[in-house]
Amino acid sequence: MAVRVKTSILFLCISIFLSTSHSQHLTTSYYQKSCPRFEQIMQDTTTNKQIASPTTAGAALRLFFHDCLVEGCDASVLISSTPFNKAERDADINLSLPGDGFDVVVRAKTALELACPGVVSCADILAVATRNLVSMMGGPFYNVPLGRRDGVVSRASHAENVLPKPTMSMNRIIAIFKKIGFSVQEMVALTGAHTIGFSHCTQISADIYNYSRTAQSDPSYNPRYAAGLRNACADYRKNPSLSVFNDIMTPRDFDNSFYKNLPKGLGVLRSDRALMMDRRTKPFVELYARDQKAFFEAFRRAIEKLSLNGVKSGRSGQIRRRCDSFN
């Protein structure tokens with residue numbers, strides 16, 4: 001048993017060291033000489049895309065999370081499947097990832113390849129696009145160190161057990177974040193990303209229709225809100241793409257409204273409502289509900305940390321010519 005514990009600790013230390021050593025190669029001025037127009041191209045692309053498709057910000061933010069939690073922030077979620085490999089993006093949990101998130105990366109990559117071919121990674125594009133879009137929606141601006149390389153592995157099986165699901169217990173969700181070095185407070189702050197974006201009705205159908213013999217919907221919902229969700233999702237069987245906003249009050253603003261909604265039973269996802277019912281997470285929900293500045297500061301620190309998770313550098317990655325396929 002002692003040997004097994006020592007081995008586990010050694011493996012964890014090595015993993016942390018490798019992740020840290022790779023992230024030390026990153027710098028905010030990485031493309032200053034090799035692609036001087038990088039920041040401007042990224043800003044133009046994200047602004048134009050968000051104006052054309054207002055759901056882009058939430059889509060990119062969710063895509064970024066799903067990328068960074070599996071294999072690290074290496075754009076592995078962008079890879080398309082082949083007859084020989086079922087890629088990460090085709091894992092069941094990723095099938096609902098909105099197309100606008102993928103599209104903003106493709107647009108930016110196309111423009112950057114014209115300006116500086118073979119220089120900018122898809123992983124950096126996704127990271128910066130997410131930051132720009134969060135800021136556009138009124139959220140905090142945060143630093144994104146650059147120099148990530150794109151991963152060379154993308155398997156659906158790797159995503160299934162490491163991404164949090166709305167139906168998971170709070171113990172399981174906390175454990176998922178703890179495994180990559182995130183505290184309960186950091187997890188709650190990152191979940192505040194649900195202040196923008198939407199959830200598909202298929203994800204909540206079991207909570208709003210025939211929940212139990214005695215209740216039509218999960219009693220943790222506000223009853224009027226549950227009735228509204230049932231009405232909005234009425235045709236979800238015929239139209240699986242039907243969706244509802246995560247934040248009913250200010251769905252197009254990155255603010256602390258998400259946390260204000262939870263004590264009122266206005267959380268769409270079961271895992272969101274559970275944040276208010278667990279003694280470990282409730283104090284942080286209450287803090288961010290009354291203090292947006294505290295939420296923004298916590299979110300900024302947490303997402304900067306997430307953006308460095310498992311980054312690839314040097315020979316451990318590549319600069320893809322196309323974001324959806326390996327070179």
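The backbone N, Cα and C atoms fix where each Cβ goes, glycine too.
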Residue among CYS201, CYS323 that, according to TrEMBL, closes a disulfide with CYS233: CYS201
CYS35, CYS68, CYS73 - which one TrEMBL pairs with CYS116 by disulfide: CYS35
Per TrEMBL, the disulfide partner of CYS73, chosen from CYS68, CYS122: CYS68
Selected from CYS13, CYS323: TrEMBL disulphide partner of CYS122: CYS323
C-beta crowding around THR195 (Ca(2+) 2 binding site), within 10 angstroms: 31
Cα-nearest neighbour of ASP255 (Ca(2+) 2 binding site) within the listed recorded positions, ARG62, ASP67, GLU88, PRO164: ARG62
Rounded distance in angstrom between the Cα atoms of ASP67 (Ca(2+) 1 binding site) and ASP247 (Ca(2+) 2 binding site): 23
Binding-site residues compared (GLY72, PRO164) - the one with the fewest other Cβ atoms within 10 Å: PRO164
Spatial neighbours of ASP247 (Ca(2+) 2 binding site) that are distant in sequence (at least 6 apart) but have CB under 8 A: HIS194, THR195, ILE196, SER257, PHE258, ASN261
Sorted by sequence, non-THR195, ASP247, THR250, ASP255 residues with Cβ within 8 Å of centre, Ca(2+) 2: ILE196, MET249, PRO251, ASP253, PHE254, ASN256, SER257, PHE258
Binding-site residues: ASP67, ASP74, GLU88, ASP255 - member with fewest neighbouring CB atoms within 10 Å: ASP255
